[in-house]
Amino acid sequence: MGLLVDGKWQDKWYDTKENQGKFKRESAQLRNWITPDGSAGPTGKDGFKAELGRYHLYVSLACPWAHRTLIFRKLKGLEQAISVSVVSPDMLSEGWEFDKDNHSTGDHLFDVSFMHQIYTKHNPTYSGRVTVPVLWDKKTNQIVSNESAEIIRMMNDAFDHLTDNHEDFYPAHLADAIDEINDEVYHAINNGVYKCGFATEQDAYEEAFDNLFIALDKLEARLSIQRYLVGSTLTEADWRLFTTLIRFDAVYVGHFKCNHRTIESYPHLSGYLRELYQWPGVADTVDFYHIKRHYYFSHTMINPTQIVPKGPGVDYSAPHNRDRL
Ligand SMILES: N[C@@H](CCC(=O)N[C@@H](CS)C(=O)NCC(=O)O)C(=O)O
């Protein structure tokens, strides 16, 4: 695990010493947008017009942030339009790898061995962490974006005129409500589980743990009276929560010490999770082999034996009963 400094790979983990043992996630650096006409989006430069076949996604099937983009690719009917390469589950001294003998598709564009080589193809002197997902422009040979929250917004509407899929997971009249819940879910839950797992001091861990379960309890109450996070409409906010919930009992409870309770033990959150899992096309994007193997095998500072647990064997295909709400 490491990062690029002036285009050179360095094997170095996050330094929590400067932050009282707290894990601080770095902001994504590459923030351009694909738009229907190629004009600039809310951040970054212009020149990324929506075109079928022009863009490529680099993902890990283990990663909850990359998982969002795979779900949107599926739900928005973009599988033919946007090609994908999947990294191996193990993220070791060279970071994310394309090892075809280890559950990777290989790099379909350049056949390189490591994800950091994609970042240095974009910019030979790149400095920063080498994260997935990455959205690549095959036409101009550069990274469009490495921020999943923005990649899913582009996928939500930039290609609609080409695909005729007008399903809208961020409708204007719900935008404020979605942004508000996203903010809470991001800090306390999506990133909250990482703050628990990567904390290196007891207080830092306990603070993240308490905030995580306060937030989950709040969502349990909310989902006891409404079907989805912002009411009766399924939105982006639900998909952003889903990718953390589906990893929770398999990984975060044990590996990240988020063990106050499992998602299975929450009557409403567990039914909600099953409903989202059973949404047409979504189960195909969930790969528990990659999920469990990645976390338990890669984070040797947390799990030095690299043993991957066999359980928990939750049945996400069981009836969800959410249609009663
Ligand atoms: N802000 C990014 C975060 C992505 C991210 O942190 N991905 C993780 C995998 S789950 C990663 O690649 N980590 C490698 C590292 O931090 O060195 C996004 O949401 O797109």
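Cβ coordinates come from backbone N, Cα and C, glycine included.
Note that this is a predicted model, so its numbers are computed, not measured.
If you check TrEMBL, you get these features:
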ACT_SITE  Cys63  active site, nucleophile
ACT_SITE  Tyr194  active site, proton donor/acceptor
BINDING   Trp96, Arg129, Val130, Thr131, Val132, Glu147, Ser148  glutathione binding site
DOMAIN    164-298  domain 'GST C-terminal'
SITE      Tyr252  site 'Lowers pKa of active site Cys'
SITE      Tyr295  site 'Lowers pKa of active site Cys'
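TrEMBL feature annotations superimposed on the structure.
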residue: Cys63; record: active site, nucleophile; contacts (Cβ under 8 Å, 6+ apart): Val132, Pro133, His294
residue: Trp96; record: glutathione binding site; contacts (Cβ under 8 Å, 6+ apart): Ser60, Val87, Ser88, Phe114, Met115, His116, Val130, Val132
residue: Arg129; record: glutathione binding site; contacts (Cβ under 8 Å, 6+ apart): Leu3, Leu4, Glu26
residue: Thr131; record: glutathione binding site; contacts (Cβ under 8 Å, 6+ apart): Ala28, Trp65, Asn146
residue: Glu147; record: glutathione binding site; contacts (Cβ under 8 Å, 6+ apart): Ala28, Leu30, Arg31
residue: Ser148; record: glutathione binding site; contacts (Cβ under 8 Å, 6+ apart): Trp65, Ala66, Arg68, Thr69, Pro133
residue: Tyr194; record: active site, proton donor/acceptor; contacts (Cβ under 8 Å, 6+ apart): Phe23, Arg25, Phe256
residue: Tyr252; record: site 'Lowers pKa of active site Cys'; contacts (Cβ under 8 Å, 6+ apart): Val193, Cys196, Gly197, Thr244, Cys258
residue: Tyr295; record: site 'Lowers pKa of active site Cys'; contacts (Cβ under 8 Å, 6+ apart): Ala62, Val251, His255, Phe256
Listed recorded positions adjacent to ligand 1, that is, members of Arg129, Thr131, Tyr194, Tyr295 whose C-beta is under 6 A away: Arg129, Thr131
Secondary structure content of the domain 'GST C-terminal' (164-298), with strand meaning DSSP E or B: 93 helix, 2 strand, 40 coil
Neighbour count (Cβ, 10 Å) for Val132 (glutathione binding site): 25
Where Cys63 (active site, nucleophile) falls in three-state DSSP terms: coil
For Val130 (glutathione binding site), the number of other Cβ atoms found within 10 Å of its own Cβ: 23
Arg129 (glutathione binding site) in three-state DSSP notation: strand
